[in-house]
Each structure stands twice: as C-alpha cells, then as structure tokens.
Amino acid sequence: MEGKIVIVTGASHGIGLATVNLLLAAGASVFGVDLAPTPPSVTSEKFKFLQLNICDKDAPAKIVLGSKDAFGSDRIDALLNVAGISDYFQTALTFEDDVWDSVIDVNLAAQVRLMREVLKVMKVQKSGSIVNVVSKLALSGACGGVAYVASKHALLGVTKNTAWMFKDDGIRCNAVAPGSTDTNIRNTTDATKIDYDAFTRAMPVIGVHCNLQTGEGMMSPEPAAQAIFFLASDLSKGMNGVVIPVDNAWSVI
C-alpha cells in the first residue's frame, strides 16, 4: 500500500481506526471520515480527516474533493466503507420507523452513494479496490435486529453486483463480515430502545462466539482490519466479489 491513497469511513474508532493504523504503517496516505472527531492517537502527516455525517446528500462529493485537496491527487486507490450503526435488536414486529430509517441510511444508502462518487474516479483511472464491511449477519438472519440484518444483506448484494459490473474497468469490490467485535457500536447503544426479548433469545448463540465461556471476550478490531487491508491491497488482486468472514467460525453453523 506504499504511496496508495485510501478513503476510510468510520475512521475514528474500532475497526476503522485499526484499519487506518495498518494502512499508515504500510505507507499509504489515508483520508479518514467520521461523525466523531479525529482520533487523537493518529498523528501521521499522511493522515487527513474530515468530520461529517456520511448521510448528508453532499457528503460523497465533499469526501472525494477533500481527499483530492488533502493529497494533491485525483487518484483514489481504495475506498473502505467501515462506518455503521446498530438497531437495538428490534424485530419486524417491534422496529421503530426512525431506527429503521437511520440504520438503512447509514449502513446502506450512504455507503452506496459514496461508492457511486468514488467509482467515477476509479473508472477513469481504470483501477481501484472497494471493501465494504458487512457482518456475520449478512450471511444469516438470526441474532440481530431486522434493520441491521436487512442493511448488511443488501450491502453484500451491492458488493457482488459492483464486483461484476466493474470488473472490466480494473475495479474490485469485496466484503469483510466480522462477527462479535469490540467496537464503538456497542458503547453507543441506547439501552432504552433495545428489544430485550429478542436480545435474550439471541444471547446464548452470541455468547458462544463472543468467547464468554472462556473469559476471552469479543474479538478486538484488529483481525477484521487485517482482512480489510488484505482486500484493499494488491495481495488480493485475483479476488473480486468475495466475502471474508472474521467471526470465530460463527458463519459455518
């Protein structure tokens, strides 16, 4: 990734921040985006940051222009869509309209709008890698809320469609599907909105794959970040339209 220009959403914490650190260590120039402030732990001159809401309709244009201004180049070698929010385990019976709308907007619509803007650049340069962070729940349906599951299934579909549609333009599009990971999503959940009946039914399964029995707990963000880095780089040059689970074997059951 030496000399590459990479855009990372959700860059202030969790998997996004872990990915930023890997990219910078490999010599990439990274344009980070997040609703939260710039991560104070990142001090590299190769890291530039834009704080905004990716759901704003003008956000994609601002992000692409911001990267161009920051690094003095029209190139975008990789787009890593890491940002995401949860839905409090609300089911098809209990979901609230505002929660549904927010989750679909952040986890799907905003990601696809940014892809559209970045694809304009990648199509001209005839190269580029897009990595979308979906979830173990993109590979199944249980153990999550209906909006979150729907958004991640849809984003995986977008990933596969984009991979095929733009393969002849030198553009790859792949996905990483993390399992239970210790990220900021868990720390910012509004407990008053949780569907505790659904949550209670899911916990026995979630607990096994969070390693609660061993006391090890959730995975750190680094394993998912390493998979994202791999798919963004030329190490995965022959891979297009794939999804890599990083979930302690959860997706095999």
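Note that the numbers count up from 1, one per residue, in the order the chain is shown.
Any Cβ shown, glycine's included, is placed from N, Cα and C.
Here Swiss-Prot flags 5-25 as transmembrane segment. For Val8, Arg116, Tyr148, Lys152, Asn184, the entry in Swiss-Prot reads NADP(+) binding site. Feature annotation from Swiss-Prot assigns active site, proton acceptor to Tyr148; the stated evidence is sequence analysis. Residues or ranges marked as active site, lowers pKa of active site Tyr by Swiss-Prot on the basis of similarity to another entry: Lys152.
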Which same-chain residues, if any, lie at least 6 apart from Val8 (NADP(+) binding site) yet have Cβ under 8 Å of it: Gly16, Thr19, Val20, Leu23, Val30, Phe31, Gly32, Val33, Leu80, Val82
Binding-site residues: Arg116, Lys152 - member with fewest neighbouring CB atoms within 10 Å: Arg116
Surrounding CB atoms that lie within 10 Å of the CB of Tyr148 (NADP(+) binding site), all protein chains: 25
